[in-house]
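Lifted from Swiss-Prot, the feature list:
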- 57-72: zinc finger (ZN_FING)
- 80-175: domain 'Toprim' (DOMAIN)
Amino acid sequence: MSFSPLIRQLIDALRTLPGVGQKTAQRMALQLLERDRSGGTRLAQALSQAMTGVGHCRQCRTLTEEELCPQCADPRRDDTLLCVVEGPMDVYAVEQTGYRGRYFVLKGHLSPLDGLGPEAIGIPQLVARIEEQGTFTEVILATNPTVEGEATAHYIAQLLTNKGLITSRIAHGVPLGGELELVDGGTLAHSFAGRKPIAL
């Protein structure tokens with residue numbers, strides 16, 4: 001089926017969303033045009049406002065429309081803890097755990113094949129933030145448990161070796177409530193390597 005230029009433009013725009021392929025984009029576009037034009041208009045307005053009004057927090061680099069995000073603006077947070085994550089969605093995930101320290105958001109992970117070195121993801125800014133703040137005693141490396149995430153965490157830990165900080169890595173392994181037979185070998189190996197004694 002061939003679509004008019006405006007419909008094709010809408011479909012192509014919707015395909016830029018993660019996980020949205022050709023068929024899904026077509027369904028979304030036709031749904032908005034045929035059944036929910038007011039919803040489509042609200043979506044367009046919200047998207048336009050977000051694209052022009054949302055930037056990055058000057059301290060942690062997460063997404064916000066203010067100079068400081070809510071976490072950086074909160075004086076009750078623990079200034080001795082700094083959690084390093086790969087992206088803004090990770091901040092929201094860590095917040096669900098009750099973590100009350102500060103954040104630094106990288107722009108992804110090290111990936112030399114994709115041209116993403118330390119400068120591209122903001123590691124020099126991370127080091128500068130640690131040195132300028134001067135209150136951190138522990139840096140928690142909460143990068144994803146992928147090869148690239150592990151390499152990024154290792155690189156940062158090496159950089160911070162002589163800074164007088166505790167550098168820790170979030171644990172990962174068998175999920176709570178998971179069954180061993182369903183866990184992949186790499187995850188299980190990590191779980192065995194990171195095993196801890198049972199405190200009685």
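Heads up, the Cβ atoms here are built off N, Cα and C, so glycines get one too.
Summarising model confidence by region, the domain 'Toprim' (80-175) averages a pLDDT of 94. Packing against the zinc finger (57-72) from elsewhere in the chain are residues 88, 91, 95, 102-107, 122, 125, 129: each is 6 or more residues past its ends and has a CB under 8 Å from a CB in it.
Note on the domain 'Toprim' (80-175): DSSP counts are 39 helix, 21 strand, 36 coil.
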